[in-house]
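Per Swiss-Prot, the features are as follows:
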type	residues	note
TRANSMEM	34-54	transmembrane segment
TRANSMEM	78-99	transmembrane segment
BINDING	H84, H183	heme b b562 binding site
BINDING	H98, H197	heme b b566 binding site
TRANSMEM	114-134	transmembrane segment
TRANSMEM	179-199	transmembrane segment
BINDING	H202	ubiquinone binding site
TRANSMEM	227-247	transmembrane segment
TRANSMEM	289-309	transmembrane segment
TRANSMEM	321-341	transmembrane segment
TRANSMEM	348-368	transmembrane segment
Amino acid sequence: MALNLRKNHPIMKTINDALIDLPTPSNISIWWNFGSLLGICLIMQITTGLLLAMHYTADTSLAFSSVAHICRDVQFGWLIRNLHANGASFFFICIYLHIGRGLYYGSYMNKETWNIGIILLLMLMATAFVGYVLPWGQMSFWGATVITNLFSAIPYIGQTLVEWAWGGFSVDNPTLTRFFALHFLLPFLIAGLTLVHLTFLHETGSNNPLGIPSDCDKIPFHPYYSIKDILGFALMLILLARLALFSPNMLGDPENFAPANPLATPPHIKPEWYFLFAYAILRSIPNKLGGVLALAASILVLFLIPLLHKSKQRSMTFRPLSQILFWALVANILILTWVGSQPVEHPFIIIGQLASFSYFLILLVLFPIASVLENKMLKL
């Protein structure tokens, strides 16, 4: 009998165990599609990014012109640039939905997988931030200045740290050069860490909407979920093409069409939409160090979620109180996103402060209380 290469070849065997014969719960829903969509986003961003890097010049006097050159003179350069810029937005949409799924269905109980996922989120945010600086437009320059300046709030070493990051006494050529180097490097680190994320996931197997062990009812990943993933890819790529071809600048800031000018500050400095919720939390505290700590806490709080799980059930499927809180949290994050895009004036200041307070209140206090109440109501 001939050897089955798929199951015996050292490399093919690994691929087979992860993508073909992987035992998968039979009832996972569309919310489990976003992991593979993130993989597609990463591959697409690395591909388009590589093509852009071939024509981009990381120098303050040439960066803005080189991006214009890509859009005007390079074959399909406009398309590559639009796919890359809007691909970042889709990357964040997918990762936020992926995290939301993890929160709702208790996937965070796979602690290693969850913690690596949070590190991946932080790396993605860093990559997007340094990437936004590269076109060297007004918002690129001032965004870099404002956000890197936050490190100066760190006591004792802050100012030294900022000047070390800048490579001088302000955001200038050395800053742009190193940001380009980091923007090129980080996606490959993300790809490596994604494999670790998957390795830990495949140790325990996927969670499912009921939050119960599914060992008794597993089906092979291929063809059932491979075809479902391909449908997800098609839908996402259609939406991305729609955005990149018809309204490529919808999510961008018009200010970034002006070349960077250190002598003229834009009236409203704000990051891309996917950072606005964190930016609103940062702005809601009228103290530099306090704001920076709140900004860091807004993401790092996710590390505490598995420790605060007090329910006897894993998923929120049969927990109405927790469901109400979950959707309140989603609404809260949308409010923060909106407030982050508004100027710092009444009533946005107080709305931002209330939304920031309730963000931490729901995650750190109300979720555990609701879980304990639900246990009592069900006499668990």
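The backbone N, Cα and C atoms fix where each Cβ goes, glycine too.
Same-chain residues at least 6 positions away in sequence with a Cβ under 8 Å from that of H197 (heme b b566 binding site) are, in sequence order, T113, I116, G117, L120. Cβ packing within 10 Å was compared across the binding-site residues H84, H202, and the lowest neighbour count falls to H202. Counting C-beta pairs under 8 angstroms (sequence separation of 6 or more), the transmembrane segment (348-368) fails to reach the transmembrane segment (179-199), with fewer than 3 such pairs. Among residues of the same chain six or more beyond the transmembrane segment (227-247), those with a C-beta under 8 A of the stretch's C-beta atoms are 30, 33-34, 36-37, 40, 79, 82-83, 86-87, 89-90, 94. Taking Cβ-Cβ distances under 8 Å and a sequence gap of 6 or more within the same chain, the neighbours of H183 (heme b b562 binding site) are G49, T127, V130, G131, L134.
The largest share of C-beta pairs under 8 angstroms with the transmembrane segment (78-99) comes from 114-134, of the ranges 114-134, 289-309, 321-341.
Remark: the transmembrane segment (114-134) makes no contact with the transmembrane segment (321-341), by the rule of 3 or more CB pairs under 8 A.
The CA atom of H98 (heme b b566 binding site) is located 21 Å away from the CA atom of H84 (heme b b562 binding site). Outside the transmembrane segment (179-199) by six or more residues, the chain places 18, 38-39, 42, 45-46, 49, 53, 56, 58, 113, 116-117, 119-120, 123-124, 126-127, 130-131, 133-134, 144 with a CB less than 8 A from a CB of the stretch. On the backbone, the CA of H84 (heme b b562 binding site) and the CA of H202 (ubiquinone binding site) stand 30 Å apart.
Counting every protein chain shown, the Cβ of H98 (heme b b566 binding site) has 21 other Cβ atoms within 10 Å.
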